[in-house]
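Annotated features, as they stand in TrEMBL:
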- 20-399: domain 'Major facilitator superfamily (MFS) profile' (DOMAIN)
- 21-43: transmembrane segment (TRANSMEM)
- 55-75: transmembrane segment (TRANSMEM)
- 87-105: transmembrane segment (TRANSMEM)
- 111-133: transmembrane segment (TRANSMEM)
- 145-167: transmembrane segment (TRANSMEM)
- 173-192: transmembrane segment (TRANSMEM)
- 228-249: transmembrane segment (TRANSMEM)
- 255-278: transmembrane segment (TRANSMEM)
- 290-308: transmembrane segment (TRANSMEM)
- 314-337: transmembrane segment (TRANSMEM)
- 349-369: transmembrane segment (TRANSMEM)
- 375-395: transmembrane segment (TRANSMEM)
Amino acid sequence: MLRRYNSVVRYLPLPARFPPQLIALIGVMLFGHIAVAGGRVTASLFLLRHGYGEAAVGVLIALYSVLSVAFGMHFGRWSDRYGPQPVIRGGLAAILLGILLPAAWPALPAMMVGGVLCGTGITIVSVAIQHAVGNLPVASPTQRVALFAWLTLGHSTSSVIGPFIAGTVIDTAGFRAAFAVLCGGTLLALLLSTQLRGDAVAADPQAATSTTKAGWRGLLQSPTLRRVYLLTTINAIAWDAFTFFGPVLGHRAALSATAIGTVMSAFALGTLAIRLVVSAAGHRFSEWRMLAAALALEALVWSAFTVARGASALMALAFLLGCGVGCGQPNVLSLLHRHAPQGRAGEAIGLRSLLGNVSGLGVPLLFSATVALAGVWPVCAAIALAAGVASVVGAQTSD
């Protein structure tokens with residue numbers, strides 16, 4: 001199997017200095033996240049069609065993040081101590097169980113438990129894979145940004161493929177069949193995980209003996225890491241806010257459901273497009289420079305949302321916002337790997353994952369309440385201001 005895999009990789013049209021191990025890592029992320037993204041849609045539609053209502057769906061979606069918020073840093077520590085490979089396999093096993101359970105027992109409790117397992121599993125897999133990609137050999141630190149861009153491109157692609165597969169199978173064969181098909185994605189990811197070899201997925205010998213102060217306070221002792229976490233939090237807020245505001249802005253502009261869906265698709269297309277650009281040319285610019293430019297673009301877009309009217313304007317702004325937030329993640333991951341204390345790169349990535357999950361849980365709740373009380377303008381202005389300040393911080397920082 002390994003010989004056949006290597007022969008395929010040899011003939012792929014890849015850019016120079018592209019580590020072959022990255023193909024397997026992207027594949028694991030792609031197929032693992034296809035199962036989770038498709039499973040989330042399948043479980044949500046099951047609850048709605050069986051009369052459980054929107055509140056039950058909200059609880060389900062929250063359950064995907066609940067353990068990741070509590071244990072995000074622990075996942076990173078496991079990756080440091082035991083190496084990314086066993087952690088990746090453990091996360092994939094949780095995803096597989098989370099998909100198999102509702103396939104075997106399509107009922108409300110199974111959907112909820114499956115949501116916890118899938119959400120926790122994909123966070124574990126993501127943290128460990130991001131750690132492994134950061135360990136791949138590069139000629140210069142900025143080339144690591146391109147590697148992370150390729151990885152996040154695979155993640156974005158799976159976010160499109162998973163729901164499409166789920167919806168198609170549900171309409172043709174039902175919910176149990178959809179879960180069964182999605183199990184195939186996890187099995188493919190597990191198969192690809194057997195091809196992971198070398199130092200990139202090995203345990204860090206410094207992890208168990210690191211004398212750096214443990215916990216998030218120890219990581220935040222570094223001024224550089226504090227800036228990285230500030231910028232990634234603002235970037236996450238700008239992203240998560242749009243998942244709520246996109247439909248709200250479209251509804252206020254009296255757009256049809258199809259037009260609102262197109263606006264959301266334009267956002268996803270923006271994240272894909274910018275990651276293609278970063279993967280090809282990201283090594284030409286420093287991470288701080290790209291982060292500053294991305295956050296400045298986000299500030300301009302959120303300012304423009306306060307006055308935008310019509311489908312064309314919202315689609316254009318959604319695409320630009322996707323470009324901004326999509327550019328942020330590869331650069332943040334590169335900076336975290338470069339500036340994390342020795343033996344704690346996985347833990348540093350785990351803290352970033354924790355902050356992202358907190359944003360995913362809190363932003364829709366907080367901003368929806370604010371919009372109900374004061375309207376759209378204050379929230380858009382606040383996000384624009386925060387992104388603008390973060391852009392200035394990024395522009396004034398250098399390695």
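Backbone N, Cα and C atoms are what each Cβ position is placed from, and that goes for glycine too.
Heads up, TrEMBL stuff is auto-annotated, nobody curated it.
Between the transmembrane segment (55-75) and the transmembrane segment (349-369), the number of CB pairs under 8 angstroms, six or more residues apart, is three or more, so the stretches are in contact.
Only sequence-distant pairs (6 or more apart) were considered; of these, at least three Cβ pairs between the transmembrane segment (145-167) and the transmembrane segment (255-278) are under 8 A, so the stretches are in contact. Over the domain 'Major facilitator superfamily (MFS) profile' (20-399), the average per-residue pLDDT in this prediction is 85.
Under 8 Å from some Cβ of the transmembrane segment (349-369) lie the Cβ atoms of residues 62, 65-66, 68-69, 72-77, 79, 123, 126-127, 130-131, 134, 216, 219, 229, 232-233, 236-237, 239-241, 243-245, 332-333, 336-337, 340, 379, all in the same chain and six or more residues away from its ends. The recorded stretches the transmembrane segment (290-308) and the transmembrane segment (111-133) do not share 3+ CB pairs below 8 A when only pairs 6 or more apart in sequence are counted, and are therefore not in contact. Taking every recorded stretch in 173-192, 228-249, 255-278, 314-337, 375-395 and counting its Cβ pairs under 8 Å to the transmembrane segment (87-105), the highest total belongs to 173-192. For the transmembrane segment (173-192), the list of distant contacts is 24, 27-32, 34-35, 38-39, 42, 45-46, 89, 92-93, 95-96, 99-100, 102-103, 106, 125, 162, 165-166: same-chain residues at least six beyond its ends, Cβ to Cβ under 8 Å.
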